[in-house]
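Enquirer: Have a look at the structure that comes next, please.
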Amino acid sequence: MSESSAFDSLMTITKRPPIVMVAGQGSWLTDSNGKRYLDFIQGWAVNCLGHAPAVITQALSQQAAQLISPSPAFYNQPAIRLADLLTANSCFERVFFANSGAEANEGAIKLARKWGSLHKQGAYEIITMVNGFHGRTLATMSASGKPHWQGLFEPKVPGFIKVGLNDLEAVTAAISERTVAIMLEPVQGEAGVIPASQLFLQGLRQLADQHQLLLIFDEVQTGMGRLGSLFAYQQAGVEPDIMSLGKGIGGGVPLAALLAKEAVCCFEPGDQGGTYNGNPLMAAVGCAVLEAMLQPGFLEQVRERGVQLANGLRKLSTRHGLGEVRGSGLLQALALPANNGDAVTEAARELGLIINAARPDTLRFMPALNVSADEVDTCLRLLDQVFVAGAEMGCPA
Ligand SMILES: *Cc1c(COP(=O)(O)O)cnc(C)c1O
């Protein structure tokens with residue numbers, strides 16, 4: 001059997017190298033040939049405690065032996081405990097659990113539309129941001145502002161008005177009697193780590209208050225400690241009405257959450273649900289993850305490693321004539337002077353370092369939140385080797 005035919009039963013949904021990963025431990029992945037990689041993608045900012053952390057394997061095995069799926073028709077202890085933990089540590093009063101970030105965002109969109117139908121004469125339009133990313137269901141693709149998704153899967157779900165990030169005037173101009181909410185990522189992750197400014201987020205809060213709109217933060221990527229605070233809204237100094245979480249909250253298993261202020265919670269029985277939503281197996285993992293993050297010093301470590309990574313990337317940028325370093329905490333990006341992000345990530349992988357090119361001219365780094373100082377240094381050293389080798393081969397950057 002040729003190597004490629006071994007993968008032919010899987011639908012082609014993305015370009016993948018012919019590598020099969022078989023094991024992961026902490027910041028390290030191992031492929032089927034025994035090659036080890038330092039993983040600075042971590043399941044796409046998902047494995048916040050690294051690969052196979054003991055607290056998650058324990059939570060999974062204990063809960064699997066106890067109760068996996070009593071059905072969403074009944075309460076279960078892990079879901080109650082996780083909802084309590086989330087509300088005790090955020091500005092929200094209510095939680096709905098989902099299985100993916102897109103599904104949590106779908107819930108946010110539905111909640112806003114329901115609220116509009118009850119309190120704003122059927123207003124349903126949601127203002128979202130150009131280059132924003134909210135997921136791959138039809139509604140969340142429609143809410144997203146990825147330019148190359150235009151024209152895909154038409155007709156899209158109507159009711160999403162796109163404006164430029166950090167353009168408060170454009171948001172103001174887009175508000176009409178049909179508007180019910182403004183939805184955005186505090187830092188655009190998939191777009192290449194582009195932060196919304198604090199002034200913009202505060203301006204949005206004011207606009208929302210003036211016009212009776214809901215402010216929705218998609219914290220699927222920025223939440224759960226990624227930026228060095230539990231949630232990004234805490235750094236911005238504004239409280240959204242609705243927030244979605246995904247990725248890190250499950251530490252690697254499918255878990256997401258929709259959080260809302262009490263005043264906004266208007267779902268009635270039958271409006272929202274899902275077979276696996278709030279299942280105790282995943283909720284038990286969520287509890288383990290959040291409890292690990294609430295340990296004294298955990299978020300401080302994230303901030304310290306983030307500064308170390310950003311400073312190191314800045315040195316590399318100066319040394320090799322690269323672009324700006326953006327981000328906060330352990331969501332960092334390095335701009336490249338040419339569109340060779342894919343070549344750089346491939347060369348890095350050859351050397352045993354896994355990073356992501358969020359855009360052709362942008363490298364993105366999202367290591368485990370408990371990555372060690374040595375591992376950050378190793379990442380920077382390997383990346384330096386990549387750029388040295390690239391320069392020797394006469395490639396710009
Ligand atoms: C990853 C991501 C999503 C989608 O999450 P899935 O679990 O892939 O559905 C939504 N919003 C943001 C900001 C993301 O980074």
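Cβ from N, Cα, C; glycine included.
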Enquirer: Return the residue out of PHE40, PHE133, PHE153, PHE160 that TrEMBL annotates for the same pyridoxal 5'-phosphate site as GLY101, ALA102, ASP218, GLU219, VAL220, GLN221, THR275.
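Expert: That pyridoxal 5'-phosphate site, as TrEMBL gives it, pairs GLY101, ALA102, ASP218, GLU219, VAL220, GLN221, THR275 with PHE133.
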Enquirer: What recorded positions among GLY101, ALA102, ASP218, LYS247 are found with a C-alpha within 10 angstroms of that of ARG136 (N(2)-acetyl-L-ornithine binding site)?
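Expert: So the list is GLY101, ALA102.
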Enquirer: According to DSSP, collapsed to three classes, what secondary structure does ARG136 (N(2)-acetyl-L-ornithine binding site) have?
Expert: coil
Enquirer: What is the number of other Cβ atoms found within 10 Å of the Cβ of GLU219 (pyridoxal 5'-phosphate binding site)?
Expert: 30
Enquirer: Among all the protein chains here, how many other CB atoms are within 10 A of the CB of THR275 (pyridoxal 5'-phosphate binding site)?
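Expert: Taking all protein chains shown, THR275 (pyridoxal 5'-phosphate binding site) has 9 Cβ neighbours within 10 Å.
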Enquirer: Measuring Cα to Cα, how many Å separate THR275 (pyridoxal 5'-phosphate binding site) from LYS247 (N6-(pyridoxal phosphate)lysine)?
Expert: 20
